[in-house]
Amino acid sequence: MELLKEVILESEEDTYKLAEEIAQLLKGSEVICLRGTLGAGKTTFVKALAKALKVKNPSAVRSPTFTLVNEYETDKGKLIHIDLYRVPDFDYSEFIGEGILAVEWEERDKPCDIILEIEILDENKRKVRIYRK
């Protein structure tokens, strides 16, 4: 994986701008892996990505911690949001190619086209490293 960019986010607006940048890179079948501790902003980023991809109701985007998988229609096909926190060995391979996958807590590099590592710097500040195949 190649480091594409490293940014500091200080607001939800910064998160949305980053999500817009990433949305422009997407063709519609990528796997985006989101890494970071609890509360780092993984779900917040997916909400911003949903908005950037023109999901009809981005405020309805919720963490799939208990459902494991949530799907949303976008201008580029489906956004499939998967959370591996409770079930790290969940096999989501059937979803690959069905849309853009945003996978929280994926620690393996193999399935990832893009990796976002989110580090908490303080209550409102995050460092994000973006890697790409």
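Each residue, glycine too, has its Cβ placed from N, Cα and C.
Here is what Swiss-Prot says about this protein:
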- E12, G39, A40, G41, K42, T43, T44: ATP binding site (BINDING)
- T43, E104: Mg(2+) binding site (BINDING)
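Projection of Swiss-Prot feature records onto the structure.
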residue : record           : Cβ contacts under 8 Å, 6 or more apart
E12     : ATP binding site : T44, A48
G39     : ATP binding site : I120
A40     : ATP binding site : I118, E119, I120, R126
G41     : ATP binding site : L9, T15, I118, I120, R126
K42     : ATP binding site : L34, R35, G36, E104, W105, L116, I118
T43     : ATP binding site : V61, R62, S63, E104
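Residue with the densest Cβ environment among the binding-site residues T44, E104: E104, by other Cβ atoms within 10 Å. Each of T15, G36, F45, I118, R126 belongs to the same chain as E12, G39, A40, G41, K42, T43, T44, is absent from that list, and has a C-beta within 8 angstroms of the C-beta centroid marking the ATP site. Annotation note: E104 (Mg(2+) binding site) sits in a strand segment as assigned by DSSP.
Maximum intra-site Cα distance, ATP binding residues E12, G39, A40, G41, K42, T43, T44: 14 Å.
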